[in-house]
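Participant: Got a structure here, written out as structure tokens. Questions coming.
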Amino acid sequence: MGVTELGKLIGKEVRREVKLESLSGKCIALDAYNALYQFLASIRQPDGTPLMDRAGRITSHLSGLFYRTINLLEAGIRPVYVFDGKPPEFKLAEIEERRKTREKAMEEVLRAIKEGRREDVAKYAKRAVFITSEMVDEAKRLLSYMGVPWVQAPSEGEAQAAYMARKGHCWAVGSQDYDSLLFGSPKLVRNLAVSPKRKIGEEVIELTPEIIELDAVLRALRLKNREQLIDLAILLGTDYNPDGVPGVGPQKALKLIWEFGSLEKLLETVLKGAYFPIDPLEIKKFFLNPPVTDQYATEVRDPDEAALKDFLIREHDFSEERVSKALERLRKARGKLKTSSLDSFF
């Protein structure tokens, strides 16, 4: 999911940069699909194509998930990955549009490969990223073998993750997107499940984890409650109405919320008669009351090293030397988690 326009209103004053180690002892509910997309887009071979095993199966997501999760465990973080379930009906049209966009990008990839344009291959390949049900199943298998808990959400993963954070079972939600704030997570941690370095043009920038607190966002934007934040996001555009209200940018949307107080009042006045492909009040209702489950666990268990070796080395052709070294790191990280105080969770 993504509410990028809302992110433009969240200034530096509410983005608290921290070191990874400062999150030691914290349980963080990670948006699994968001993380997998990041891995598939960023972990590439020099020609722009994803990592693959001998059978031609993509393994970028497994490589990213395996090594990045070990990094989190070494920092003392207790990750819980939350997977998307069935999307709401009003999201299906947007999902179809994204599928078409990815297909067009893939056509550009094939054309660039044929014409030998290596830079364009890398550029379009990132836009053509897709996640299959097989990739999801493989990710769940990998996490299970690692002893890392995962949760199957009934609907949106970020809604489930936010619910777990609101209940106090996780300290925060980890995602690059801001939707978890709309779903009510008290805290959002960005830049957790991504590479610590990112190339923008010719420049390589360092990405450090940043904490964004819901209450701090509301204060900074002078909003009374989460409902007003949801109203603001709907005006700007969400996954369910990506275009928002035409002609309404971040500052104008904020002023409208300040002046009229709610989306309902706006629909009765300045937006009366405006066309919306999706009923904005249905979107608001979903953000306030999404389907969630109480069937989840957050405890990190001992890894099954034999199963991990079989899965990564024999099934997917990972380097035996690299996997063995990583398993040693995983073993030590698990040992540290066992001895850490439970008080740090709170």
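Using the three backbone atoms N, Cα and C, a Cβ is placed for every residue, glycine included.
For reference, Swiss-Prot lists these features for the protein:
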- ASP31, ASP84, GLU156, GLU158: Mg(2+) 1 binding site (BINDING)
- ASP177, ASP179, ASP239: Mg(2+) 2 binding site (BINDING)
- 1-102: region 'N-domain' (REGION)
- 120-261: region 'I-domain' (REGION)
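Show me how these features fit into the structure around them.
Facilitator: Here the Cβ of ASP179 (Mg(2+) 2 binding site) has 26 other Cβ atoms within 10 Å, regardless of which shown protein chain they belong to.
Averaged over the region 'I-domain' (120-261), the predicted model has a pLDDT of 92.
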Participant: Based on Cα coordinates, which of the following binding-site residues are within 10 Å of ASP177 (Mg(2+) 2 binding site): ASP84, GLU156, GLU158?
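Facilitator: Cα filter at 10 Å returns GLU158.
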Participant: How would DSSP class ASP31 (Mg(2+) 1 binding site) in three states?
Facilitator: strand
Participant: For each of the binding-site residues (ASP31, GLU156, ASP177, ASP239), count the other CB atoms lying within 10 A of its CB, then report the residue with the highest count.
Facilitator: ASP31
Participant: According to DSSP, which of helix, strand or coil covers ASP177 (Mg(2+) 2 binding site)?
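Facilitator: Reduced to three states, the DSSP call for ASP177 (Mg(2+) 2 binding site) is coil.
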